[in-house]
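Here's the structure, in structure tokens; my notes come after.
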Amino acid sequence: MNLSEELCEATYCGYPDCNDRYWWMFLTSSLATFFFGIGSVFIVRFISRLLCLNHRRPHPGTVPEGSSWCGGICPMNLLDKNAESEMRSMEAAKDWATRLMSAQSRFGRILLITYFCVSMGSYAIYVLDTSKPIERCFPPDGDLLFFIDNIFNFFFLAVFILRFISWNDKFWFWFSVNTQVDIFTIPPTIVALGVSRTWLGLRCLRIMILMQLPEILQLLRVLRTSNGIKLTSLLTIVAGAWLTSAGIYHLVENSGDPWLHFQNSQPLTYGQCIYITVVTMSTVGYGDLTPQTTCGTIFIIFFILGVLAIFASALPEIVEIVGQGSKYSGVYEPVKGKKHIVVCGHITYDSVSNFLKDFLHIDRDVVNVHIVLLDTTDPDLELQALFRRHFTKLRYFQGSVFNPADLQRVKLNESDACLILCNKYSPKPDTEDSGQIMRVISIKNFNPEMRVIVQLIQDHSKTHLMNIPSWNQAYGDDVICIAALKLGFMAQTCLAPGFSTMMANLFAMRSSSETQSVVKNASSPTETYLSPEGWMSHYLHGCGNEIYTESLSRAFDGMNAPEVVKECFTKLKLLLIAVQQTNEFDEAEIIINPGPLLLITQGTVGFFLAPDATEAKRAYYYCRACHGEGVGVEKIWRCECKECACLDNNHSKKYTHKDGHKLLAMTRLGDVHEPAPARSTGGELPELKIKGVNLSESSDHDQPAYDFTGLFHWSPARTVEDALITSAQKRRYLVNHVIVCLFGDELSPLIGIRNFVMPLRASNFKYEDLKTIVFLGNIKYIEREWDKIMNFPKVFVCSGSPLSRADMRNVNVHQSAMCVILSANLGDSIEQGLQDKETILSSLNLKSIMAAGAHSRRSKIIAAYAAESPTRLNGGSIKRSLFTQSSPKITVPMITELVNDINVQFLDDDDEDDPDTELYLTQPFACGTAFAVSVLDSLMSATYFNANSLTLIRTLITGGTNADLEEILSEGGELPPGVQIGRSRLKELLRDRCTVDQLSIGTGVFQHCKDGHTYGSLFLHGLESGILCLGIYRNLIISGKSSGKRYVITNPSQEFELMSGDRIFCLKHFEDLNMNNEIPVRETDLIGSDL
């Protein structure tokens, strides 16, 4: 290489010494160090092996205890004392170096951060030196940057020695990245001191320290998420490879080819080299700067094969993480004056869409609440489309509810509530509930005062919530038990067929415009039932009603409850079903169907059935002075009189979950009312005793027993064998009973059949009115739940299959009052169409029995056995009965549980339900013969907006409960008898609760109400007798013919005309004419004296 005198001045070497190149000395020092290190390791291992050959190697397993093999070659106890001492010293030194280098110690963390900073400083010096010649001498006045870089390199040498001592395998130590960087940077610095020259060399390798940046940021707690760590790792790998490659390219191009005496060098700045590598990595290749040397060309070839592959694989991941970060990371910024809630748990398209449909319904008041979703998974395309449709009301964050940092990101402390959704179709309900409870624990641990509403599948799982110290239902925390409510709905259907449909429609938000649009869109001849006179029009009108709460106007102050109910019904077109008042203990009591002794006071809140919240506000704005006779109901709104001046203050004290009142659900009745006549019952049946237990009790049973709360009928515990019905002699007395079909086996998840039995064994039923319950299914499955129901009377078991006609006939299905078919709960692990195969087949099997069995010889024999006295049951009497009895069509009410809504289309062959039709619009659901767990989705939003609504529904459905009972049931074992209940308290409990019933017009209380009368007159007549009417269960007539089915009409208008055969849904008070008498006490002291 021939440099001119002018160019030599830049090297400080003088002419002609500047033309001498010593690059080979610097490079040789690095290579010599590398091979010397590897050779030293081999030599040490070879010498150690030779030393051990002088000793006899023991057989495997004969090494003395406490000895170890030095380097895996020979045991230390076979060496001499000096060698053993030397080995122990080496081990001690290794442990000391490991502790110094470990990031678990404070010194190790400081050393790691210092090493990173010094490496970056050395790289910065390298970048400054790239503007100088590749090889140069020291300037006369000294080189400050070289001096600083030397200090850095001595620090690197000290760390190098510590790493070598602490490394386990000394051979592979020489191939680590940090060792390679030190080998090609430290020895050239030492050579530079000897030859008074410096070579730029491969000092660019120091930038490889960037790959340790994620570890350092984790130590400094800057990176806490997996996405952040992964993104930083990818970026540092790409940046390290990019900058290192630019440095190597800068070296070879500015040096030239050695075999050409460096005559073909190309002067490039380090910035230009970075530009070339970027253009090459991006595969653009402008061609403005190209390699001029053979070494540069060769390097670019390997660069494309290596670094380009790294860049191509890392770029998609970087883009994906950055794209996710922009959408689902970050921090939620609350809007001033606007509340937000956090929704977590089971976040899927179905669960979120069902929740939003009810939460953001137009019938609610203006919903000024922002919804924040928190989940660990990436949202699928359906969810993303849902987010875009509701982008003004919804925000999704990716994170875990178990990570406090993620809870802080969504501002959980500032949220109004946290709602936890569950997977209702999980094949492992106990596991699902455990996860839900852990989410509650995490949230309560983050903020003990946070209001939490959680969904659970199993009723017994809520016991664990009571163990959380900060769980407090008095301040808004609530749990929605899917199984308890589902079975409660189906149990109430046994008392009033179709009631489950009515209640499900009441707490689900459906506007009148939605229901009426179905009627208006009816165009084909097959949709004539949608005409204003058709049954679907009547049903949809009722679907538009929901339960709303509103403070009662001051105009009602001082009036008793029935008077307010009457005035609301006649003048305001509202149905008041319950009120909430605060008692002397500052407890908020919900009183269903209040009696005449209850007086309305200021602050009383009413529960109304109304089409929307605007109509419910009539009860708040009603003014007797301004809204008297002649004022249309649509004009009942805020008036200007002085009487309404304090409305705003009164309305502002409406109950919220933060008021701290304890909610008590009551169904209170005044002392004076006319009892409604009891339903007529069939002839008395002879007693049948099964191992000491009566299957049919006498109607004059005058000594009922109750549990310790007085809420439920009680009997001594029985075994499954005691309750098992086996012989035909016992089965023939099963009349007017409830059959429950079960499909579980010994491995199936429990469904909690106690929740079905308890509403039917409430103490506000007279003992003789209790319907016998027969569970038909696998006896091993029933045994697993028997301890929960063994203390309830008139509960029996029959081993068999609901899919067998013989087994169904063995439990006298023709004579039953209701047949309930419960799902097998196979979860979402199978195809949707097969999730309900057992229940659908059982339902069709029962309908086939009903259709064919009415005229069969077997059914006539069964009817004869039930009608004849046992003393007359002989061949002659039966034969005469077979010829003399008529054969009417047999119809047994039934309700079938479905897991998947779409399978409702398979229940009836004569309906015209489309597979895409919503469940509530299908004929089986409208008739009350089908029930799906999906109808309970609306309870989450209903509970959030009105904490009392769930208490009201739970009381109507479950038959009553309290904290003491929940605690006893959670502990398992027998249900205690009523030893703590005094007679006066028991009488109060029995009287203060009403029941759901279904009464026919033209009989009993409604004997004067006949075909052509209006529903308004019937409602007022029932109100005088203490009966609150809710709706009608009417015969389904299609094309002028009766289908043998009935459908539900909820809260019809006052002018709605009645038809013969109508049945009325109503709330009745307890009908014991002898309640004023003393309640006798059994000799076993089941009911104790007054406390």
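From the backbone N, Cα and C atoms, a Cβ is placed for every residue, glycine too.
Here is what TrEMBL records for this protein:
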type	residues	note
TRANSMEM	22-47	transmembrane segment
TRANSMEM	107-126	transmembrane segment
TRANSMEM	146-165	transmembrane segment
TRANSMEM	229-249	transmembrane segment
TRANSMEM	269-289	transmembrane segment
TRANSMEM	296-315	transmembrane segment
DOMAIN	338-480	domain 'RCK N-terminal'
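Mean pLDDT of the predicted structure over the domain 'RCK N-terminal' (338-480): 89. The transmembrane segment (229-249) makes no contact with the transmembrane segment (22-47), as judged by fewer than three Cβ pairs under 8 Å among residues 6 or more apart in sequence. With DSSP states grouped into helix (H, G, I), strand (E, B) and coil, the domain 'RCK N-terminal' (338-480) comes out at 58 helix, 32 strand, 53 coil. Remote same-chain partners of the transmembrane segment (296-315), defined as residues 6 or more beyond its termini with a Cβ less than 8 Å from a stretch Cβ, comprise 234, 237-238, 241-242, 245, 248-249, 252-253, 266, 277, 280-283.
Residues 127, 130-131, 242-243, 245-247, 249-250, 253, 300, 303-304, 307-308, 311 of the same chain, all 6+ positions outside the transmembrane segment (269-289), place their C-beta atoms under 8 angstroms from a C-beta of that stretch.
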